[in-house]
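Below you'll find the structure, written out as structure tokens, and then a few comments.
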Amino acid sequence: MDGQVGDGSILVLVEDVMVPISVVYNAISILKKEGVEKLDPMIVTQASTQSLTSVESASRDIVALICRSLEFPSDKMCGDILRVLKPGGTVLLSLSSQSVSKANSTHEHKLLLAGFSDAQSSEAGHSIVITAKKPSWKVGSSFSIKKITKSLPKVQIDDDSDLIDEDSLLTEEDLKKPLLPNVGDCEVGKTKKACKNCSCGRAEAETKVQLGPTAEQLDNPQSACGSCGLGDAFRCGTCPYKGLPPFKLGEKVTLSTNFLDADI
């Protein structure tokens, strides 16, 4: 069974069945430099989570743990230690040299996950000592947040010096009336018409696209590529003879009597 000795604001949890009292005082002396011999801490051997069920919440100033393994204290015990400590109270873990290599980071993580803050580690002889604080606020406590209002700096504007006259930005070239575009000698009245010697491109735009061959091309067909008379399979996409039957160059193109009849 768990052994309990003494009573006070300091609670000591020991993993082993027995522990020398000097080990307990050495651990407590890290937090209380003077008057350690006069203290009467409550010591619990073979401590477990059940050892803290009878301890009142927020009743201890210091909880010291004498550890020799990485499993002590458990995560649940760390939560129970946080419960029994007063706001701002301190938890102290004294780790033996056998578990120093991994215990430092492992136990610090346990304390931080349980809700402690300001976890610090230091060497004390052949042991590592880790201390942490319980937050000073209580669960359910509230406080008001003062809103800091910052006033914007006042900027004085001198109307006479800071404003610029927009007209002063215009040059003499900007004030000149724009000239009409030069369209040559073409008429620009209501009815636009290209002149005989048009050089502005209007005559080309007014030229209608000739669809199909002209009468001259039908009477005396000629071919620049030499393939126009062979039929549509040999004619280009812009050939004027496209759609006409094959013919001989220089001979009049004639249509057969059944040319316009349906194939079916």
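Just so it is clear, glycine is given a Cβ too, placed from its N, Cα and C backbone atoms.
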Among 20-23, 80-83, 168-171, 236-239, indicate the range for which TrEMBL gives the feature motif 'Cx2C motif 2'. 236-239
Range among 89-92, 209-212, 225-228 that TrEMBL annotates as motif 'Cx2C motif 1': 225-228
May I ask for the distance between C236 ([4Fe-4S] cluster binding site) and C198 ([2Fe-2S] cluster binding site), taken between their Cα atoms and rounded to an integer number of Å? 32
Rank the binding-site residues C198, C228 by the number of other Cβ atoms within 10 Å of each Cβ and report the first-ranked residue. C228
What's the number of neighbouring CB atoms sitting within 10 A of the CB on C195 ([2Fe-2S] cluster binding site)? 14
Based on Cα distances to C195 ([2Fe-2S] cluster binding site), point out the closest of the binding-site residues C225, C228, C239. C239
Sort the binding-site residues C225, C228, C239 by C-alpha distance from C198 ([2Fe-2S] cluster binding site) and give me just the closest. C239
Shell list ([4Fe-4S] cluster; ref centroid = CB of C225, C228, C236, C239; cutoff 8 A): S223, A224, S227, F234, R235, T238, Y241
